[in-house]
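Below you'll find the structure, written out as structure tokens, and then a few comments.
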Amino acid sequence: MVQIIKDKDELKTFLKAAGCKLVVVEFSAKWCGPCKRIYPLIRAMSLQYGNVMFANVDVDDSKELAQEYHINSVPTFQMFKQTQKVTLFSRLKRATCCYGNGFVSEPIFEFCGADAQKLEAKIQELM
Amino acid sequence: MEGKQDYDLLVIGGGSGGLACAKEAAQLGKKVAVVDYVEPSPRGTSWGLGGTCVNVGCIPKKLMHQAALLGGMIRDAPHYGWDVAQPVQHDWKKMAEAVQNHVKSLNWGHRVQLQDRKVKYFNIKASFVNEHTISGVTKGGKETLLSAEHIVIATGGRPKYPTHIEGALEYGITSDDIFWLKDSPGKTLVVGASYVALECAGFLTGLGLDTTVMMRSIPLRGFDQQMSSLVTEYMASQGTHFLKHCIPSRVQKLPDGQLQVTWEDLTSGIENVGTFDTVLWAIGRIPETRSLNLENAGINTNPNSQKILVDAQEATSVPHIYAIGDVAEGRPELTPTAIMAGKLLAQRLCGQSSDVMDYSNVPTTIFTPLEYGCVGLSEEEAIAHYGEEHVEMVCLRKPPQLVLGLHLLGPNAGEVTQGFALGIKFGASYKQVMQTVGIHPTCAEEVVKLRISKRSGLDPTVTGC
């Protein structure tokens with residue numbers, strides 16, 4: 001299931017609810033051809049990877065959110081996890097992350113373009 | 001004026017001129033804001049950032065023109081050996097969606113560019129409070145006040161409605177609507193003789209729709225008339241119906257939803273009636289100045305055209321307020337001139353340059369089925385300026401026979417004319433044209449092979465190589 005996110009508050013709530021799970025947010029647009037093509041693949045991934053949360057933000061419906069996350073092209077995939085960056089420190093922290101109460105608002109990874117294989121590979125790596 | 005303003009530069013209008021000016025100024029270090037607002041058309045059509053060109057002008061027009069040309073190519077294809085089933089059907093819905101998606105991607109692109117250059121963008125309807133302040137109102141009615149050191153007005157224009165014609169406003173559409181129609185316009189009556197009228201009628205016909213153009217007098221007023229009649233003749237040969245010397249008097253809606261148009265044939269004085277699915281008014285454009293409250297800033301306009309009066313620096317009657325693009329008096333209504341004027345203005349405002357925009361020898365192209373590209377003077381203008389005895393083939397008779405204008409009718413006229421515009425802008429003579437070797441086989445080579453003058457009375461038709 002891909003959650004539609006409309007604004008900053010909804011994103012905050014979604015990220016918080018994700019806990020330690022990997023969150024994949026796709027920034028897309030209705031007029032974007034590649035976005036349409038990759039949509040069924042994302043939906044399939046959301047059903048396949050139960051421990052990964054998927055969300056979608058429409059850059060026209062949610063202009064402020066798209067601007068805040070510096071979206072320049074569509075589709076752009078941003079991934080979030082409780083840890084800020086994937087460093088040695090954060091890997092150690094991950095072992096204890098579920099006990100922390102911090103929530104992250106910066107993506108740990110981002111890429112642009114409708115490359116489903118690249119997306120899936122990254123998800124498997126980070127989840 | 002003393003005191004800190006919100007912005008160094010405020011641009012009113014996010015179209016070709018406005019965005020170019022704003023981005024250039026921001027790049028040169030100024031604090032810039034752009035306010036853009038689209039008042040929905042009487043039919044309710046609205047669009048995003050980018051102005052007329054991007055949303056309801058050049059871009060969707062060229063795409064639909066291309067769609068129509070492709071239809072012609074598909075029909076020709078079997079002669080070149082392609083196995084293409086005939087006749088081939090056109091799906092307006094599919095084309096419209098693709099065109100609209102492309103336009104929306106351009107709206108997005110412009111928004112991103114403004115963000116990247118740190119230009120603040122407000123989707124608000126602006127009007128002047130005083131010479132340094134505007135009041136902007138959102139769609140929801142919220143008001144903001146913005147002040148700036150310099151203000152550039154680039155609000156462009158909108159299509160004119162013949163409001164004196166009964167039913168015109170209620171039942172007709174304009175170029176603001178045609179590119180956003182989800183369903184095919186069907187059998188269409190295009191009223192007007194402008195390039196907007198002819199370009200629209202041209203692609204509608206090319207897409208297979210029953211299209212009629214109603215003109216009061218001459219086609220393409222202001223353009224070379226010999227070329228203009230060649231344009232309409234070609235369109236007629238392709239199936240566009242022409243009602244010449246006719247003026248509409250009434251539009252009524254029939255029970256089945258179709259439109260009944262009544263018109264007067266000026267030659268015979270007889271009143272005629274016709275039925276259409278769509279009536280497209282293309283009778284001219286008016287500048288978007290009415291709701292700006294220009295008088296609050298003391299900005300003068302031409303009382304006839306309502307366009308803003310400007311000098312060579314693009315300055316209005318108020319020194320720190322400028323106007324560029326379609327809204328300014330005496331300027332060509334073209335995207336590239338608005339863009340260049342906007343950039344030069346920004347450079348002057350930032351002290352980077354003292355160059356002013358040169359509006360002479362601006363090339364342009366009308367994208368009718370057979371395209372008409374031109375640069376420089378028309379035959380009529382050349383004769384008016386220099387006198388009949390001095391003009392030959394739109395170049396001066398006196399050696400070195402400076403080329404005054406070039407007019408070209410043919411496929412890809414825009415692509416061809418662009419190159420020649422360079423030569424003409426920098427004073428090419430007919431002698432130099434003759435010395436230029438042509439590229440064979442092309443249509444463009446005919447320009448450098450021109451040897452027959454109109455005055456000679458000889459037949460210029462090309463038969464062999």
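Glycine residues also receive a Cβ, built from the backbone N, Cα and C atoms like all the rest.
Where the annotation comes from TrEMBL, it is an automatic prediction and has not been curated.
Quick look at what TrEMBL lists:
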type	residues	note
DOMAIN	B:7-342	domain 'FAD/NAD(P)-binding'
DISULFID	B:C53-B:C58	disulfide bond
BINDING	B:K62, B:D326	FAD binding site
BINDING	B:G192, B:A193, B:S194, B:Y195, B:V196, B:A197, B:L198, B:E199, B:G284	NAD(+) binding site
DOMAIN	B:390-449	domain 'Pyridine nucleotide-disulphide oxidoreductase dimerisation'
ACT_SITE	B:H440	active site, proton acceptor
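Everything TrEMBL records as a feature, shown here on the structure.
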residue : record                       : Cβ neighbours (10 Å)
B:C53   : disulfide bond               : 23
B:C58   : disulfide bond               : 17
B:K62   : FAD binding site             : 16
B:G192  : NAD(+) binding site          : 25
B:S194  : NAD(+) binding site          : 22
B:V196  : NAD(+) binding site          : 23
B:L198  : NAD(+) binding site          : 27
B:G284  : NAD(+) binding site          : 16
B:D326  : FAD binding site             : 30
B:H440  : active site, proton acceptor : 9
The domain 'Pyridine nucleotide-disulphide oxidoreductase dimerisation' (B:390-449), counted residue by residue under DSSP: helix, strand, coil: 24 helix, 12 strand, 24 coil
Coarse DSSP state, helix versus strand versus coil, of B:G284 (NAD(+) binding site): coil
Between B:K62 (FAD binding site) and B:S194 (NAD(+) binding site), the C-alpha gap once rounded to whole angstrom: 16
Cα proximity to B:H440 (active site, proton acceptor), best match among binding-site residues B:G192, B:L198, B:D326: B:L198
Distance, B:D326 (FAD binding site) to B:C53 (disulfide bond) (CA atoms, angstrom): 11
Cβ-based neighbourhood (8 Å from the centroid) of the NAD(+) site, residues B:G192, B:A193, B:S194, B:Y195, B:V196, B:A197, B:L198, B:E199, B:G284 excluded: B:V190, B:C200, B:L220, B:A282, B:I283
Three-state secondary structure, B:C58 (disulfide bond) (per DSSP): helix
Recorded NAD(+) site residues B:G192, B:A193, B:S194, B:Y195, B:V196, B:A197, B:L198, B:E199, B:G284, farthest C-alpha pair in Å: 14
Nearest of the binding-site residues (B:G192, B:S194, B:V196, B:L198, B:D326) to B:C58 (disulfide bond) - Cα to Cα: B:V196
